[in-house]
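**Student:** The following feature annotations were taken from Swiss-Prot:
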REGION    1-29  region 'Disordered'
TRANSMEM  55-75  transmembrane segment
TRANSMEM  89-109  transmembrane segment
TRANSMEM  143-163  transmembrane segment
TRANSMEM  167-187  transmembrane segment
TRANSMEM  201-221  transmembrane segment
TRANSMEM  227-247  transmembrane segment
TRANSMEM  285-305  transmembrane segment
TRANSMEM  316-336  transmembrane segment
TRANSMEM  356-376  transmembrane segment
TRANSMEM  401-421  transmembrane segment
TRANSMEM  433-453  transmembrane segment
TRANSMEM  458-478  transmembrane segment
Amino acid sequence: MDSSPNDGVHQPLLHPQPSPSPPESTNGELETVLSDVETPLFLRLRKATIIESKLLFNLAAPAVIVYMINYLMSMSTQIFSGHLGNLELAAASLGNTGIQVFAYGLMLGMGSAVETLCGQAYGGRKYEMLGVYLQRSTVLLTLTGLLLTLIYVFSEPILLFLGESPAIASAASLFVYGLIPQIFAYAANFPIQKFLQSQSIVAPSAYISTATLFVHLLLSWLAVYKLGMGLLGASLVLSLSWWIIVVAQFVYIVTSERCRETWRGFSVQAFSGLWSFFKLSAASAVMLCLETWYFQILVLLAGLLENPELALDSLSICMTISGWVFMISVGFNAAISVRVSNELGAGNPKSAAFSVIIVNIYSLITCVILAIVILACRDVLSYAFTEGKEVSDAVSDLCPLLAVTLVLNGIQPVLSGVAVGCGWQTFVAKVNVGCYYIIGIPLGALFGFYFNFGAKGIWTGMIGGTVIQTFILAWVTFRTDWTKEVEEASKRLDKWSNKKQEVVPE
C-alpha cells in the first residue's frame, strides 16, 4: 500500500512532498526491446546491449570511482605507515585487515538491506519510503557501532589471544584507536551511499570522494611526516576523511532537487519497526561479513606462520592490491544490485535477467586484463609499499595466486550483487558458510601448516572455497525464474510499505 502524506505512516518534519516522476532506468524501454519478437534476435540483442550498457556505465563508472577512491584512502594510509618501517607496515596491515575490515564488513553488510528495499521501492515508485529506510538503517548501524567500539578498544588483547606477536599487536592497537571515529562514519555513509545508488545518483559521490582523496593525502603527509604523529596520526586522518565524505553527501541529499521526492525530511518512523528491519539487515550483514572476514582470516593465519612479519607484509600487500582491484567489481556489484532491484520493482523480468548477463561479461573482461597487468609487473609491485628486497621477492612469488583471485573477483562480487538485488541474502549466507568456512579455511590451514606451504598454501586452499562458491551462485543465477522474482519483489514492497507493518514492529 502506498503511503500518503497524511496516513500516519510517514510524518515529515522538513520539506513538502512533490509528485514523483518515473525513474529513467525503469521506463520499460529495455523490456519492450527484449519482448519484441517481430525484430530479428541479433538486432534485438544489439539494441538491448546498447541500452543496458548506457544504463550500466552511468551507474558503474561513478560507483567504481567511489569505491576505488575510498579504498585508496586506506591504501595510502598503509603506504604512509609502511615507509615508517616494516613493523609499522605490519601493524597498519593487521589493523586494517584484521580489525577494520571486521567493522567494514559488518556495517556495509547491514547497509545492504537499504540497497534491496530502496532499489525495489524506487523501481516500484514508492518514493516516500526511501528516506525512511535511510534513517532507520542509520539508527541501527549507529547502535551496532557502539558495540564494535569495544572490539577496537580491546584490540591488543584480542590480537594477542589470536597468537599475534606482542610487538605487532601493540603497534596495531595504536593504529586501531585512531579508527574508532571511522566506525560511526560507516554508520552514516553506507545507508547514504545505498540510498543514492538506488536512485542511480552516483556521480556526486564520485566527485566528493575524489576531492576528499586529495585532502586525505595532504593531511596524511602532514600528520605522519611533518607533525610526527606516526601510526595514530595516520589512522586519525583516515577517520576524518571518511567524515568529510559523510557530511558532504548528506548536504547534497538535503539540498539537491534530485532527492526532493525521496528525502522528505527527518521522520519519527526511523525509530519504528527496528526489529523487523534489523532481521533483514542482519541477513545482509551475515552474507557480506562471511565474505570479507574470509580474507581477513587469511591474513590472521599468516601471522601465525614461522616468519610472521614477512608473511604479513607480503600477503597484506597482495591483499591490498587485490582489494583495490576488487573495488572495480564492487562498483559493478553496486550497479547490478540497483539494476536488478529497480527492474524487479518495476515488473521487468527480462530486463533484470539481461542486466545480469551484460554486467558479468564487462566485469570479467576488466578483471582478466588487470590480472595480466599484475603478472607483468610482479617484480616491482611491492616497492610502492616498502623498500625491502625480501618482501619484494615474497610478493612476486604470490602474484600467480593474486592473478587467479582477480579473475574470480570478476564474477563472484557481481553474483553477490544479483543476490542483494533479489533479496537472496539468507541463501547466500548459507552458501558462504559451507564454501568458505567448512571447505576453504580448513584447506588453507592444511596446505599452509601441515604441508608447510606457508602463505601460498593458505591462500591456495581458500581460493578453492571461493571457486566452489562462485560456481554455486552462477548455477543458481542461471536457473532463476525472473518472473517469479518480480512477484516476490512486489510482495516484499507491499510488506515493507504497508501502514501496519511500518507502525508496529514484527
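Positions of Cβ are set from backbone N, Cα and C atoms, glycine also.
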**Student:** Are the transmembrane segment (316-336) and the transmembrane segment (227-247) close enough that 3 or more Cβ pairs fall under 8 Å, when only pairs 6 or more apart in sequence count?
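**Tutor:** No, these stretches are not in contact.
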**Student:** Which residues of the chain, 6 or more past the ends of the transmembrane segment (167-187), have a CB below 8 A from one of its CBs?
**Tutor:** 81, 87-88, 90-92, 94-96, 98-100, 103-104, 107-108, 138, 141-142, 144-145, 148-149, 152-153, 155-156, 159-160, 230-236, 238-240, 242-243, 245-246, 303, 308-309, 312
**Student:** Mind checking which residues reach the transmembrane segment (316-336)? Cβ under 8 Å, same chain, six or more beyond either end.
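**Tutor:** Contacts with the transmembrane segment (316-336): 56, 59-61, 63-68, 70-72, 75, 78, 89-90, 93-94, 96-97, 115, 197, 202, 295, 298-299, 355-356, 359, 362-363, 366-367, 370, 374, 381-382, 385-386, 391, 395, 398-399, 401-402, 405-406, 409-410, 412-414, 416-418, 420-421.
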**Student:** Checking distant contacts: for the transmembrane segment (89-109), what same-chain residues at least six beyond its ends satisfy Cβ-Cβ under 8 A?
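**Tutor:** Result: 74, 77-78, 81-82, 141, 144-145, 148, 151-152, 155, 158-159, 164, 168-169, 171-176, 179, 182-183, 186-187, 190, 231, 234-235, 281, 284-289, 291-293, 295-296, 299-300, 303, 308-309, 312-313, 316-317, 319-320, 385-386.
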**Student:** Residues of the same chain, at least six outside the transmembrane segment (356-376), with any C-beta under 8 angstroms of its C-beta?
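**Tutor:** The answer is 49, 52-53, 56, 60, 321, 325, 328-329, 332, 335-336, 339-340, 399-400, 402-404, 406-407, 409-411, 413-415, 417-418, 477.
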**Student:** List, by number or range, the same-chain residues at least 6 past the transmembrane segment (201-221) whose CB is under 8 A from its CB atoms?
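**Tutor:** Apart from its flanks, the transmembrane segment (201-221) reaches 58-59, 62-63, 65-66, 69-70, 72-73, 76-77, 80, 193, 234, 237-238, 240-241, 244-245, 248-249, 252, 256, 258-259, 334.
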